[in-house]
Amino acid sequence: MDKLIIGGVEIKNRLFVGSGKYPSNEIIKDVLEGSGSQVITLALRRVDLDNKEEDILQNIPKDVILLPNTSGATNAEEAIRIARIARAMGCGNWIKIEVISDSKYLLPDNEETIKATKVLADEGFIVLPYMCPDLYAGRRLIEAGAAAVMPLGAPIGSNRGLKTKELIQIMIDELDIPIIVDAGIGKPSQAMEAMEMGAAACLVNTAIASSEDPINMARAFKMAVEGGRLAYEAKMGRESKFGNASSPLTGFLD
């Protein structure tokens, strides 16, 4: 069984979760327990060290890895600045690069993301860039020092599933780096599909947070990710366009 190692840390639970859109900060601790997630993303604006009641960190156990994102950045320079602030605030050296200047579809800017990744990786950050799935951009992100890459399945927050499935599959097949499917996954079955494809992990936020029961939805996603990974490692049987009986069709009545 392959291990998932990012930044020298073994990640045993391949479901990453986000921290936005929940009805309250207090529920996040229960979602983390239900999902078993070791990694949680958070926007820096939700960290308030001067007001513990509003500070999201008060609801995240100390053994969970913080993955601050650069939400709000529209270019590489802004993303770099946000990342440095996050580390200075004590959020660690993991960073999810988000560079988005498109306000309609919220698609990440791969070129600016590559620039930010290079600078931050050189500064010792563990960089996980959010990106539009593209093989060439993935290769350049690896060259820039990315620890993993996070291609979107569909526009962020859309719950539409794996609309970019074929492009993600190419990246999984061709890149020697963890591929974490991020954005657009709306159902546990879609997370399972991503894992069956060979994705290293999935990051899910909106599908859990917007459900009627986020805690049980987190549990459902945990099982789906585990099942999908197990199926991938078990090497699924080949598809056939013809029927293939599982029992002999001749000889019984002879």
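In case you wondered, yes, glycine gets a Cβ from its N, Cα and C as well.
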Starting from the 1-deoxy-D-xylulose 5-phosphate binding annotation in Swiss-Prot that includes ALA183, GLY184, ASN205, THR206, which of GLY157, GLY228, GLY237, GLY243 is the extra site residue? GLY157
Compute the centroid of the Cβ atoms of GLY157, ALA183, GLY184, ASN205, THR206, then list the same-chain residues not in that set whose Cβ lies within 8 Å of it, in sequence order, for the 1-deoxy-D-xylulose 5-phosphate site. GLY18, ALA154, PRO155, ILE156, SER158, ASN159, ASP182, ILE185, GLY186, VAL204, ALA207
Using C-alpha atoms only, work out the spacing between ASN205 (1-deoxy-D-xylulose 5-phosphate binding site) and LYS96 (active site, schiff-base intermediate with DXP) and round it to an integer in Å. 14
Largest separation between Cα atoms (Å) of residues that the record links to 1-deoxy-D-xylulose 5-phosphate, namely GLY157, ALA183, GLY184, ASN205, THR206: 9
Of the binding-site residues GLY157, ALA183, GLY184, which one sits closest to LYS96 (active site, schiff-base intermediate with DXP) when you measure Cα to Cα? ALA183
